[in-house]
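Asks: Can you keep this structure in mind? I'll have questions shortly.
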Amino acid sequence: MQQWQKISLMLCTFGFLKEIRPSEPFIVDYLAGPWRNLTMDEVIQEAFPIGTYSYLAQLAVIFLITDLLRYKPLIVVNGLAGIVIWSMLAWTTSLQSLKILEVFYGTYCAAEVAYYSYIYAKVDREHYQKVTSQTRAAIYSGKFFAGVLAQALHYFKVMDYKQLNYLSVAAQISATVWALMLPPVKTSMYFHRAAIGRADVGEPTDEQSFENDLASDKNSVASSSSKRKVISAFVLIWVHFKSSFTNLTVLQWSIWYALAMAGYIQVLAYIQFLWSNVDPAQPAVWNGAVEAVVTLLGAIVSLLAGYIHNGFLRPRSSLFALSILSLGQSAAILLATTTSSLAVCYLGYVTRSNISDDSFGLVFGFNTLVALSLQTLLTYAVTDSDGWFALDIFGQFTVYGYYFVVLSVIYAVFLLGEIASSVCRRKD
């Protein structure tokens, strides 16, 4: 086994262990059950929004700290945050403790950037595509295993919802211990750059010029080295930002992706509340199985996307596909919102999850900060008890459904603009 394969295997093992959270598919039923005795409104409108706000507040800072500390420490922090979260879920009962827990959940989500960044600093560029698929496969595998395990333990009454948290805690402890054994990283993208010879021919001219300036000034006095390192890192961040987002195509796809991803995350965060309210007389006992199916289908879509997207996603066909997919996602959400059948609601969720996951995100890049900002706005507008509308769960999902109708219209308008622009160019 080659060195890059060993490193990938170690990181993927962490990713797999971290995703073993069998209590997660039933978290809403647990929080509203006799173990904590919280109301749905308290959980939806007072506790859960804090997780969204915390995630947004920490994301940019943790991104910089991840690079500054060279990835591994933040992977450990990710595991430690998981231990805190699921320990508090298992052994605390108050609403206040749940709110504190949500702050740590923001840390847990934000620190995931280290997991996805670490591998690129440890392996050669030629292996990037392989390790990307492997790290994603590890995440999918862990989620699938957790969903199947949760459903089996609940269905056969081996464990109740509270006891599932103990397994989640154990998995987070295992992941953290494993993270401590990961080999350290010597370089990073911004604060600990490698030698100039590492730069590829294809890197932006601005970046080459910037690194040449650094090389010519490397004999500066030692007392200023730390300050220069920080300044250089932020200058390079700006160089990368400018070179990326002055490209109109990148800018357009980033905006479109962020809009779609914001709605996707919001639905994912609150879908269990909808399941619990569709048919109160029938407990939502198949949550684990549904999550396992969604994960399995997502893995298949991810694999297929690697072969389909390269040739399929050209400007016109992309916009047409996005418009149709957004409309289909809207229909699935509204179906899940208006039905009185839990099975139909499950089906709507499975459908919209696999419409959105990789169709929107795989090719267009990742703009989590913008997506999360939009999700925060959605949360405050329709979910938060102190927000503008504070809708009930059916009202919220009706808004999400029409949100994707609006996205569909936006994509269609851009498509018409692209066609009109093409016609004008032909006339010229």
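Using N, Cα and C of the backbone, Cβ positions are placed for all residues, glycine too.
According to TrEMBL, the protein carries these features:
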{"type": "TRANSMEM", "residues": "73-91", "note": "transmembrane segment"}
{"type": "TRANSMEM", "residues": "103-121", "note": "transmembrane segment"}
{"type": "TRANSMEM", "residues": "164-183", "note": "transmembrane segment"}
{"type": "TRANSMEM", "residues": "254-273", "note": "transmembrane segment"}
{"type": "TRANSMEM", "residues": "285-308", "note": "transmembrane segment"}
{"type": "TRANSMEM", "residues": "320-349", "note": "transmembrane segment"}
{"type": "TRANSMEM", "residues": "361-382", "note": "transmembrane segment"}
{"type": "TRANSMEM", "residues": "402-424", "note": "transmembrane segment"}
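How buried are these features, and what lies next to them?
Replies: Within its own chain, the transmembrane segment (73-91) is flanked in space by residues 14, 18, 21, 23, 27, 30, 62, 65-66, 97-98, 100-101, 104-105, 107-108, 111-115, 118, 162, 165-166, 168-169, 172-173, 175-176, 179-180, 182, which lie at least six positions past its ends and keep a Cβ under 8 Å from the stretch.
Counting residues 6+ beyond its ends, the transmembrane segment (103-121) has Cβ neighbours under 8 Å at 7-8, 11, 14-15, 18, 50-59, 62-63, 66-67, 70-72, 74-75, 77-78, 81-82, 84-85, 88, 128, 131-132, 135, 182, 185, 187-189 in the same chain.
Here the transmembrane segment (164-183) has long-range neighbours at 7, 10-11, 13-14, 17-18, 20-24, 26, 30, 72, 75-76, 78-80, 82-83, 85-87, 89-90, 118, 122, 146, 149-150, 153-154, meaning same-chain residues at least 6 beyond its ends whose C-beta is under 8 angstroms from one of its own.
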